[in-house]
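Taken verbatim from TrEMBL:
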- B:30-54: transmembrane segment (TRANSMEM)
- B:70-120: domain 'NADH-Ubiquinone oxidoreductase (complex I) chain 5 N-terminal' (DOMAIN)
- B:86-104: transmembrane segment (TRANSMEM)
- B:116-135: transmembrane segment (TRANSMEM)
- B:136-425: domain 'NADH:quinone oxidoreductase/Mrp antiporter transmembrane' (DOMAIN)
- B:141-161: transmembrane segment (TRANSMEM)
- B:173-192: transmembrane segment (TRANSMEM)
- B:252-270: transmembrane segment (TRANSMEM)
- B:282-303: transmembrane segment (TRANSMEM)
- B:338-356: transmembrane segment (TRANSMEM)
- B:377-400: transmembrane segment (TRANSMEM)
- B:420-443: transmembrane segment (TRANSMEM)
- B:455-475: transmembrane segment (TRANSMEM)
- B:608-628: transmembrane segment (TRANSMEM)
Amino acid sequence: MPFNPQAVLIVAAILFVLGLVGVLTRKNIIFILVSVEIMLNAAGLAFVAAGARWGQPDGQVMFLFILAMAASEVSVGLALVMQTHRQHKTLDVQELRELRDKTEEYSSI
Amino acid sequence: MNNLLALIPALPLAGFLILSLTGRHLPKSIIAGIGAGSVSAAALITIFIGMQFLQSPPTGNAYTQTLWQWMQTENFSAGIDLRMDALTLVFVFIITFVGALIHIYSTAFMRHDRDYARFFASMNLFVCSMLLLVMADNLVLMYLGWEGVGLCSFLLIGFWYETPANVAAANKAFYITRIGDTAMAIGLFLLFRELGTLNIPEIMTQAPAHFQPGASNVTWIALLLLAGGMGKSAQLPLQTWLPDAMAGPSPVSALIHAATMVTAGVYLIARMHVVFQLSPVAMAATAAIGAITLFVAGCSAMAQTDIKRILAYSTISQIGYMFLALGVGAWSAGIFHFFTHAFFKALLFLAAGAVIESLHHEHNIFRMGGLKDRMPVVFWTFLAGAAALAALPLISAGFYSKDQILWYAWSAQNGNPMLWLVAIAGALITAFYTTRLMIVVFWGDMKTHIGERPGKAMTIPLMILAVLSIVAGFIEWPHNLVHLSLFSDLVQRYLPETLLQEGHPPEIIFQLVAAAVTLLGVYAGYVLYYKNTSILEQWKASPAMLSLRNFFYKGWGFDDLYDTVFVRPFYFLTRINKSDVFDLLNKGIATTSQRLNEWFSFSQNGSLRWYVVGVLIGIIFVLGLQIWG
Amino acid sequence: MNVLFYLSSAIAIAATIMVITRYKPIHALLYLVVSFMAVAMIFLSLGAPFVAVLEIILYAGAIIVLMIFVVMMLNLGSETAQQEKEWLLPKVWLGPSILSLVLLGEIIYLLLRSGTGNASFIFIDSKKVALSLYGEYIIAVELTGFLLMAGIVGAAHIGKHKKKHLHRFLQEEEVSTKIEVRSTKPEDEKQTKPVAYKP
């Protein structure tokens, strides 16, 4: 059967960029997590396509590792989301800026 | 025998280390024991080695000892190598023997001082550095000693650092000798470029083959080395630091600024005599500088009122005699004058220190007076030293050495009547101001009450030095009187023989003239300051004489001259460059980093999306490189 | 094959666009399930049935369910949807979207430039994958196990419900000051003495 790897990779790229747009435009942490999942999935798709192109199982093995990583990332990430919601009463990432540079505040002391 | 060599500088070094590390906690008696004991032990070893050296001369007329390699590159090596030949022996003997006497004197002189340990640590370090200077086998090690004595001189001039004037004097000494030191360093670089070695015996053998006599390169080297000697030995035009250096304690003046360090220039020229002989210009310059210096400094000494400044100017003047002797080619005469001068000038400074201390730190000689019967030991020893300084015929060491120089100034190979004339005028002046000093201090009415009298630890070194000031000259007699020339026989194992011109007048005439001039100077001093003081009063009334006296008092106005030529233009430059141009560069770097920090800290705003945009732009850039790169 | 691939690709892209533009989290998650299923179809069309099944079980099953649970726990209802509406303004999404499109253009350009045309299709069954996974990748599998363990422990620790969030050093300080205050009272001494601080 004929098969065009470029088309698959372009689909993977489109899915990846859509995930990226989601990360960039949404402020809600839940949506950001969802978008990260989309990006990971797109990367897995690219791996599988490459494996199919060369007839090797390695692409699928890599997809399995990505899957495992996504699972643990999501579990930890959701725990953090719950904790954030509990302490800050918000899910807006723009509100969570404790790690910014505070030079002005220190110099004013 | 060779193994003992390293002990000579090592003992004072050990003393320095012990005193500087633990001196704070030691009682004064132990500090004195370590300080004076280390130098005395070095003196004993020196005498032992010297006896061996005289009885059975070693091969090559030198003991050598290689301690270890100091630095080694492809075509240059310098070691910590010690070398003891005839010239070194004379210097080491003076440094350790006179140094030991001065240390013993200091144990009593400094007994009330708070920083007893610091004083002896500095003195021991000085003795060690000076020994390294004269015992070094290569010029790099010698330069180490050379800078070491400069450092110790600085430390000891500013010993009583609570007084700002003392600190200023220490700084002045350091800066001015630095000019000479820099010139000397350049001279050493040139020498290395020409010969490819700085080992002294190698230079001695290679230089005559490598250089054309009178060539410009060897002349430059010799002149630069001479400039180094001028700075250290306070010769014109770098002499202005020595009178101010009297701010240090009297034993320091005796050891560093009379007997040893200031004669380092003499040592350098004698050590490098091969280079100097190849350059007639440098020889003539040495002689001329010596002659001018001895006259200028002698005139200044006549007008001083501070007892130590008189002696300081006389030191400059006497070193001028040594330079004159070296310049005319009378090598052994110059070293012989160093030998006798070390005894009598150290004696004069120590005796002056005893007087100053007894009179509650009074320095002005016109507030002394009448000490002849009240301090007999100091009087008689001071008299012996003064006689040697004035070169009283036959009974003083100074006569034998200075008479030689006067004779050679005319009749040696490079000598000429002009030099002799200046030297004989200097001899007259020397006799005059020495008589003035003696009469004003020891005769007349007592003007200041005597406090504490000097103890035994101070008077015994004085007496030893007084005896040596008289008898040290007897080892070298004028050729026409007694055929005894032990000293020149010794030093001529290293230094060349003094060559005489054809058709010079007979020596006896010079001796008679020199003796007559000395006696004339003494008589003039006697008349003016003792017998008929009204002449002096008349002079004081005339404005011309008074301005001349002020001119001499200020040391021929050299300080004012340098102030006008160097210091004021420098101040002017600093004033117009008040907001330092070069600082702007440094400040610019600081300001730029601060601005950048402010700008970039804006980017660290804690916003996750902002960071992701940064990553995204980075990826776009990298992929763009792939596309268009 | 080709029709299946293009169809499922279109569905995946469309569903993903819906995911990132929804206001209600639960709607977005349901569209995400659709997207994952479409991707699973792509896997099938690429001759990778094993990962297609895993995609559905793990992604569309486990992970999405986890997220839906959280959404339910946090009670993100219409209130959140209203807030999302306020947040998702053109001035917020226009700039990043253009930048992302530039990136997409670059990627597609690079892919097409280095294209090799059609390739033959090779079916890879789960046996091959399993042999590879437990053969040459065995170390990586072990490490993945560690990662999952760390994920579980981390999630359990972070998700624990704590009343006050204080660093342990600060907690210790607080407790020790309390003990000091108490020890000033003589009658409480007997009780406070054996009490040691337990974090």
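Here, residue 1 is simply the first one shown, and the rest follow in order.
Glycine is treated like the rest: Cβ placed from N, Cα and C.
Note: TrEMBL annotation is automatic and uncurated.
The transmembrane segment (B:420-443) makes contact with the transmembrane segment (B:377-400), as judged by at least three Cβ pairs under 8 Å among residues 6 or more apart in sequence. Segment contact is absent for the transmembrane segment (B:455-475) and the transmembrane segment (B:608-628), given fewer than three CB pairs below 8 angstroms at sequence separation of 6 or more. In this chain, the transmembrane segment (B:86-104) lies apart from the transmembrane segment (B:141-161): fewer than three C-beta pairs between them fall below 8 angstroms, excluding pairs fewer than 6 positions apart. As a summary of secondary structure, the domain 'NADH-Ubiquinone oxidoreductase (complex I) chain 5 N-terminal' (B:70-120) carries 29 helix, 11 strand, 11 coil according to DSSP.
Counted over residue pairs separated by six or more positions, the transmembrane segment (B:116-135) shares fewer than 3 Cβ pairs under 8 angstroms with the transmembrane segment (B:338-356), which leaves the two as not touching. Two recorded stretches are said to be in contact when at least 3 C-beta pairs lie under 8 angstroms, sequence spacing 6 or more; the transmembrane segment (B:141-161) and the transmembrane segment (B:30-54) fall short of this definition. With a cut-off of 8 Å between Cβ atoms, the residues of this chain six or more beyond the transmembrane segment (B:30-54) that come close are 1, 4-5, 7-9, 11-12, 14-15, 18-19, 23, 63, 84, 86, 89, 92-93, 96-97, 99-100, 103-104, 106-107, 116-117, 119-121, 123-124, 127, 131, 490. Residues 76, 139-140, 143, 146-147, 150, 153-154, 157, 198, 203, 217, 220-225, 227-232, 238, 240-242, 244-245, 268, 275 of the same chain sit 6 or more residues outside the transmembrane segment (B:173-192) yet have a Cβ under 8 Å from a Cβ within it.
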